Amino acid sequence: MESDRQVHVNAAYDPNLDEPPNYEETRRAVRPSVVSAFGHDTLDRVPNIDFYRNAGSVSGHRAVRPSLQELHDVFQKGGRISVPDTVEDDSEESIGTPSDDLESAVLVDDTKAVKFGWIRGVLVRCMLNIWGVMLFIRLSWIFGQAGWGLGIVIILLSCVVTTITCLSMSAICTNGIVRGGGAYYLISRSLGPEFGGSIGLIFAFANAVAVAMYVVGFAETVVDLMKEHSVIMVDTLNDIRIIGCITVVLLLGISVAGMEWEAKVRAAPCIVFAPNPPVKFKCNQMYYSALHRPSLFSFPLPLCVSLFSAACAVRDATGNLTDLITPGVPCNGPAMAACELGYNFSSCATTKCDFGLNNNNQLMTLVSAFGPLIIAGTFSATLSSALASLVSAPKVFQALCKDNIYKALHFFAKGYGKNNEPIRGYILTFIISVAFILIGDLNIIAPIISNFFLASYALINFSCFHASYAKSPGWRPAYKYYNMWLSLLGALLCCVVMFIINWWAALLTYAIEILLYVYVTVKKPDVNWGSSKQAVSFVSAVSNALDLMGIEDHVKNFRPQILAMTGSVRDRPALLDLANSLTKNYGLCLSCEVFVGPRSEALEEINACMEKNQLWLTKTKRKAFYTAVACEDFRAGAESLLQVSGLGRMKPNTLLIGFKSNWRNSSKETVQCYAGIMHDAFDFELGVLILRMNHGLDMSHIIEAEEEMLKAAKEQQILESGMTPNGGKAKGLFRKSRKHSQQVLTTRVSVCGPPPPQIAKMNEQLMEASVQFKNKQPKGTIDVWWMFDDGGLTLLLPYILTTRKKWKDCKMRIFIAGQPERSELDKEEMRALLQKFRINCTDINVIDDIHMPPRSESLKKFEEMIEPFRLHKSRDSEQADARQKEQPWKITDEELRTFEEKTNLQIRLNELLLANSRAANLIFVSLPIARKESISDYLYMAWLDILTQNLPPTLLIRGNHKSVLTFYS
């Protein structure tokens, strides 16, 4: 082990050196476990739980294992390096650990956190939730409305819902360590931030409103007692509001005091039923026991209370014991049961009665053996439940805010004290509670809360079903007594019950959830929790890809699947944006790059670029994939990409490259490579697209200059502050420290300084052109010069562009070659063909003078272009043959004569393009084909150059001559 762990420098390993590193024979202290396992010093680490902990944080240590690269390089070369057992994370980022994520938060110190046993932590809390406002104040009313038969069904249905939800929650809880946040944490980590974020807000809001419900229930009981003793402050409603507000202020004080006070206050009114269990297991810093289940009380207790109440009271009663049956006076109506007992309460049908199951919310005090005990139970249950909700809501909200799904709410993520108390969340919960307490009507508040909680239960059940359905290897719950289909049934049951309770509250809950879901989906928060949604997406993608393999290609289902040779995705954004426009929602776009050089050197760069480029595509909302290969030769790398890119039917059928505008200044090998890639594409029966823009496509030099400027500015700031980043600690593992002198830094800044005015102007024009296809296109035309029938790709791709929002103001014009004597006939034939293809265009132009020879100045320009690459005929035949053998790549006089007609066609086409399409937004023109081993690479490049000179953005296009259009249904 290195003695100095603050600077994690591997002196023996430098990946930047071209030569193999000099591995020093240095010894290091080895953990006893390593030595005892293998009997000798080894760089490898034995399996240990600390390697799998996700505890990287500021001022925290993470256990690290040597990287594969380190192991591979070292043992391959027979050297040694020293690897620390742990690494101290810096303040900027945690290497290999998700940032701004609850999982990456520092673990709570077990010695400082408040812990609760199974009695205070589980049984007491569950019992006090069961003995709540509904049990004491509203359950008798339910049996009065529904009768004892349907009342039992209601309680049984509730028990079924909660039991299934408990089974689902147990499965999710035992699939890994559960952090703070309750139902929000379970749902978000299972279904992802879209569902988790929406239900997190709903669940936190429901708990805040639950505070109001319990407090209003408490205040309602107090006001009923006041009314019995004729002590009314204002009136019933306002008295409930006054008492409720005073109560919630006191509860807030207890909550802010801390979890210990909250637990003591809640446990005070509860009777302890059983001693501590002999067997315990730890989960989420609380002790749970399988000997003691709150569900044993959740069903029989409410049922017994309800049946006792229903057996002791009728639905409606006047409260007057003298209202007996009088002979001759009819006794019927809703008080028929009272008639059988000798009482006549038929007057309740016309006037409101204050007693009975339907009318008296304090009925339990009348039917109990000792009424004050029920009142005391009501007070303790409502206040403890209100206190629990007042604590729960801020905790859930804090967990949501820490995940930073809704950035505007991150203010509430901060915690205080040893238990990380969400003081800000308490204040917000208090404000919401007071707002609902001012409503003062329990019957309005209760349906909203019930629907919110049922929505949470529905998603918990659906999370369990979804995770099971995804069959992810990461879904390994320790709790086995669950069933995915039972969980799905529970989710559906919760949804049904929501509508049974209150249809408008259910619709409101769904509307809020959908809006929040859409918001998170659009914003795409930077989180990755390995949710089951990702697993299902993967399974679905693989399944669909396999299904496609069993389907033969059909012309009606042709989709452009483009392999765009963009290099790094940021180097040629215009090329990528055009490919994206042609394939978005229609096909596949692959951005590819070839790393040229020795494999050992290219591998490190390619591995670093894979994730960086794909992240850039996602961040800039470009719908494309990035892929790369390392090869000694660029053409060989491109050939590999042409052959193996894609998956099954999702395989590129079209190659998109940029025009090599500097071909005249490039080496013959480079030109041969560029032309050879097109030959390879045609050999593999791919269509070819070549994009040319006057200002060029390559942005790499500007991007590199910007990155160098930023790096230089950062290093300048470090030097001025007189310290290295992170207080002198190197960032990351196995990274060499960089100490730049002032002279080196000054040199870098001078190199990265402002370019000359003409270069700056060219760069500015290039920057504007690079985003041309990303921005909305102005009104104009897309001109299609369909010279040769290639299967219809030349017509299909511009049509696809016209369907895009960015191109909707551009109209398509068609240009075809024709003869002077039949121009109108050619136009009608093309119009009929377009009608059969269901493709609209604004104009069809027949070019009937395309056979005319080009102008002399155009010919002269072409001759000047190819002059440096000409091999003129010599009178000495032996000398001419020798020169041709030495320079076979040059353009001979015989070649020019052989292809004179085709050369003149390209020059003439450029004249016609300038005359007809100079103002177009984009030009599609048929790409001329160069026969292999017949046309030299330089002559072919000259054709492409002269054809596209001085034009707006031009796309040379050639399909693979297989039909991509059909007029059959």
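These residue numbers are counts, starting from 1, taken along the chain as shown.
The backbone N, Cα and C atoms fix where each Cβ goes, glycine too.
Listed in TrEMBL for this protein:
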DOMAIN    30-96  domain 'Amino acid permease N-terminal'
DOMAIN    121-265  domain 'Amino acid permease/ SLC12A'
DOMAIN    304-563  domain 'Amino acid permease/ SLC12A'
DOMAIN    572-969  domain 'SLC12A transporter C-terminal'
REGION    1-25  region 'Disordered'
TRANSMEM  122-143  transmembrane segment
TRANSMEM  149-178  transmembrane segment
TRANSMEM  199-220  transmembrane segment
TRANSMEM  240-259  transmembrane segment
TRANSMEM  426-446  transmembrane segment
TRANSMEM  452-470  transmembrane segment
TRANSMEM  482-505  transmembrane segment
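Here the transmembrane segment (426-446) does not lie next to the transmembrane segment (452-470) in space: the count of CB pairs under 8 Å, restricted to residues six or more apart, is fewer than 3. Beyond the ends of the transmembrane segment (199-220), by six or more residues, the same chain brings 132-133, 136-137, 181-184, 187-188, 239-241, 243-244, 247-248, 251, 361, 378-379, 382-383, 385-386, 389-390, 392-394, 396-397, 399-400, 405-406, 428-429, 432-437, 439-442, 445-446, 448-449, 452-453, 455-456, 459, 509, 512-513, 516 to within a C-beta distance below 8 angstroms of the stretch. Sequence-distant neighbours of the transmembrane segment (482-505) (same chain, 6+ residues past either end, Cβ-Cβ under 8 Å): 157, 160-161, 164-165, 167-168, 170-171, 447-448, 450-451, 454-455, 457-459, 461-462, 464-465, 468-469.
In terms of DSSP secondary structure, the domain 'Amino acid permease/ SLC12A' (121-265) contains 125 helix, 0 strand, 20 coil.
Residues belonging to the domain 'SLC12A transporter C-terminal' (572-969) score a mean pLDDT of 84 in the model.
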